Amino acid sequence: MESSSTSLKRLKFGKLKVVRRRLLQRYEHQPFISCLAGFYSCRWKRYQRRRTEPGKCCCKTRECIFFPLLVGAFCFSLIFLYMWSEAKNDYNNFDWYNYGNLGFWFLWSLVLLIVAAILFTYITLLLVLAMCLLAEGQQLYLHWSHKIGTFLVLGFSITALFILSVLWGDQWKTVRLSFQITAPYLHIGAITIMVLLSWPVALHAIRAHKKVVQVIIVGPYLAILLFLFLIPLGMYSPCIREMGTLGPKPALIGHRGAPMLAPENTEMSFQKTVEHGADGLETDVTISYDGVPFLMHDSTLRRTTNIKEVYPNDTAQNAALFSWDTLQELNAGTWFLKDKPFSCMGSLSRADQNQAMNQSIYKLSNFLRLADSQNKVVIFDLYRPPEKHPYRNSWINRTLEVILNESGIRPHLVLWLEDDMRSFVQSVAPGFQQTIGRKVPVEDLLMDNIVKLNLPYTEMSSEDIRKYAERNITTNFYVISEPWLFSLAWCSGAHSVTTNAVHTLKNLSQPLFLMTPQQYNIMWILTDLTSVLLISLIFALHWWRERSFSCCAHDDDPMLESGTYNKFRTELSDMPATMA
């Protein structure tokens with residue numbers, strides 16, 4: 001009798017060992033889990049880690065409160081990184097603004113991009129570690145150093161977004177435009193993330209013992225997934241169009257010449273623009289104290305000349321208050337080699353460097369002769385001289401005198417942009433192409449003989465472009481230098497763009513991301529069907545594994561009832577590693 005009882009005990013103990021071995025095979029320490037817990041919690045030893053039953057609370061209350069902050073830091077850092085990445089077209093404007101406030105040139109835009117990328121990578125790694133730990137049934141415990149890092153990322157992202165929204169609110173218009181290009185690919189990326197998240201979601205939902213918990217876990221996931229599946233129904237992009245409906249490539253107008261290849265508004269800059277096949281030249285015109293119109297964008301000479309070395313006491317003086325003889329003494333090219341105003345500038349040849357070092361301020365009459373000899377249209381912003389300037393009230397007359405009498409340029413090559421005294425200009429120079437820098441009703445444009453709109457690219461609208469084109473009014477957008485933005489202008493029907501990058505945009509043979517509606521529908525449907533299949537397989541796999549595991553455990557010993565077994569599994573999972 002005692003022998004029989006002993007055999008029964010040994011049999012039960014053997015079955016318990018089998019169950020325990022299977023549990024350990026499932027939950028026992030792995031190097032992968034050790035690394036996850038080590039990097040996330042700085043808990044590298046096995047006995048320092050705690051497991052939790054999937055479907056139950058993943059961590060202590062304090063950690064549960066902090067986890068949404070981690071998710072929030074990820075979301076805000078992603079938004080800021082995306083916004084700033086799409087703002088690359090305007091980095092030069094951002095650096096120019098900072099130069100005006102700080103007094104020295106530095107590529108702050110590039111530094112901000114690098115910082116944003118580093119912070120986003122850091123917070124993404126933390127979130128990935130957390131999701132992997134949850135998928136392995138591990139309790140979350142974020143180390144205090146990572147909590148500080150999370151607060152830093154969250155604070156930096158929110159502060160940067162707020163400051164940029166206040167000082168540079170138009171950049172959100174750029175983001176909205178970018179969605180017309182990137183939305184189909186962002187959609188695929190979001191679906192991919194949801195497929196990856198289906199693994200921990202399915203694991204915790206299937207192991208949850210209460211239906212309410214399962215609904216809480218699966219409900220929001222399926223709602224977000226359904227929303228992503230239906231997003232393409234409301235998606236619009238002018239680059240998704242039928243074959244043969246794409247208009248001609250927009251003409252390229254060099255913004256201050258070719259400022260990525262040569263010092264802006266210099267003879268070299270415009271020569272480079274001509275060499276690379278631009279259709280027009282854009283510049284800025286100021287009038288010297290003795291009445292000589294010359295090319296200069298800034299109100300002072302500090303950024304684009306060596307006035308600090310030649311006349312250190314006059315660096316803050318308005319450029320129009322210098323005589324032409326004084327302006328001719330200044331070098332307008334050495335700053336370009338020293339400051340490198342664009343982050344994407346290529347290296348210059350030795351010949352180009354020598355040529356750049358010998359550039360001087362360019363006279364308007366010489367600029368117009370160059371444009372006329374190359375048959376290039378010109379457009380320029382004309383700056384009114386400051387108070388007490390001799391040509392304060394005759395600035396337009398003096399400019400017209402140079403254009404009509406001194407330069408010899410053919411009138412039809414001039415896109416006249418200045419609004420003041422437009423009727424007078426039309427009477428003395430009827431051959432000019434009248435251009436306006438804002439959107440107005442078509443009837444008003446026709447009344448003023450306007451033939452072209454010159455608009456910031458943030459006002460791009462394919463509907464408006466088509467509406468104006470129907471009345472023979474063309475549209476030019478400025479300043480467009482990024483290929484994706486140029487592609488959007490091309491697909492929208494723009495007739496020309498002002499650009500800093502003639503040398504790169506001229507090589508585009510068709511818009512980027514161009515596809516037919518049929519191609520996009522196939523991409524959309526295949527993405528959705530593939531994701532549904534993968535998510536279904538993942539849920540089915542977890543259901544099968546849990547069902548087969550439970551069945552095997554109950555078959556080994558009828559005495560291991562559901563509650564007893566689950567309690568045993570929980571206690572065993574919390575057992576110190578030294579005992580295990």
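Here the Cβ of each residue, glycine as well, is placed from N, Cα and C on the backbone.
What TrEMBL says about this one:
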type	residues	note
TRANSMEM	65-85	transmembrane segment
TRANSMEM	105-136	transmembrane segment
TRANSMEM	148-169	transmembrane segment
TRANSMEM	181-203	transmembrane segment
TRANSMEM	215-236	transmembrane segment
DOMAIN	250-509	domain 'GP-PDE'
TRANSMEM	522-544	transmembrane segment
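Away from its own ends, the transmembrane segment (148-169) comes close to residues 66, 69-70, 72-73, 76-77, 79-80, 83-84, 94, 97, 112, 115-116, 119-120, 122-123, 126, 142 of its chain (Cβ-Cβ under 8 Å, at least six residues beyond either end). Counting Cβ pairs under 8 Å to the transmembrane segment (65-85), the stretch among 105-136, 181-203, 215-236 with the most such contacts is 105-136. The stretch with the most CB contacts under 8 Å to the transmembrane segment (215-236), chosen from 105-136, 181-203, 522-544, is 181-203.
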